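Taken from Swiss-Prot, the feature active site, proton acceptor covers Asp45. The NAD(+) binding site annotation in Swiss-Prot covers Asp45, Gly46, Arg50, Asn110, Glu111, Asp138, Ser149, Gly150, Trp151, Gly152, Met153, Ser154.
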Amino acid sequence: MRVKIVSKPTSQLNYTVEKIKNISNKLGFEVVDIDFDYVIAVGGDGTLLRAVKLGKPVIAIKAGRRGLLMDVPVDKIEDALLRLKKGDYNEEEYMLLEMVHNDKVELGFNEIGILYDRPEAIKVGISFDTERVSVEGDGVLVSTPQGSSGWGMSATNSLLYKDLNAIEIIFVNPIFYYLRSVVIPPKSLILRLEDKGYPQTARVVVDGEVVTLIKTNQEITVRVSQHKAKILRFFKLDLIGEVLHAYHI
């Protein structure tokens, strides 16, 4: 079995990575950078975002400040790799989103959206099926269930259970709206930067990274990908409990 290790280059994590390499070699795994069978993500949720987009099953080792979706403690690494070798694990599949703009396609694990970072609002048009709405504020995010535990939660204070087959449309700091989000079945949406009477430019973000800019009257499509992120589970993941603990509730 060939594994790739993904982590941030910090002194604390470098020690953990070396530990994983030694255990992997002892158990007969080959640690490589290309042509791998599995990805070992070492860190927190940010590292997991990078790992799932490599297209292989992920082993999620919790070694960061915030890792709500990481299930393997550092002191259980050898146990997890032994079980990987035996095939003793549960495979969980997670929804992925795609952002389409012109010829550009970007894959998102948590959320995709349009945001503004100037001290004024933008108006975003949202279209799906026969629905057409406009929301004025700092922007709009479209979130997966797992994404609702991240950026989306800071805007809505709500959580979608990870097994729910749905997406959440999140209104970021909306003006004059008490409604903060809408949960809908997995559908293709169009997000459009609407005209407020003068030109504006907004950021298109995928998992917290700016991937392109759009101008007034331009739009992006957000759709559910045919691909799934696969995370191998060795220990019970108590997402609700982790969220309550992380936010000291």
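Including glycine, each Cβ sits where the backbone N, Cα and C put it.
Location within the structure of each feature annotated in Swiss-Prot.
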residue : record                       : DSSP class
Asp45   : active site, proton acceptor : helix
Arg50   : NAD(+) binding site          : helix
Glu111  : NAD(+) binding site          : strand
Ser149  : NAD(+) binding site          : helix
Between the Cα atoms of Trp151 (NAD(+) binding site) and Asp45 (active site, proton acceptor), what distance do you get, rounded to the nearest Å?
11
Counting only residues 6+ away in sequence within the same chain, which have a CB under 8 Å from the CB of Arg50 (NAD(+) binding site)?
Val6, Ala41
Could you check which of the binding-site residues (Glu111, Ser149, Met153) sits closest to Asp45 (active site, proton acceptor), going Cα to Cα?
Ser149
For Glu111 (NAD(+) binding site), which residues in the same chain are close in space, meaning a Cβ under 8 Å from its Cβ, but six or more apart along the sequence?
Leu97, Leu141, Val142, Ser143, Thr144, Gly147, Gly150, Trp151, Gly152, Ile170, Val205, Val206, Asp207
Taking the Cβ of each of the recorded positions and counting other Cβ atoms inside 10 Å, which one has the highest number: Asp45, Trp151, Met153?
Asp45
If I restrict to non-local contacts, at least six residues apart, and a C-beta distance under 8 angstroms, what lies near Ser149 (NAD(+) binding site) in its own chain?
Leu68, Leu69, Leu159, Leu239, Val243
Where the record says Asp45, Gly46, Arg50, Asn110, Glu111, Asp138, Ser149, Gly150, Trp151, Gly152, Met153, Ser154 bind NAD(+), what is the longest distance in Å from one Cα to another among those residues?
26
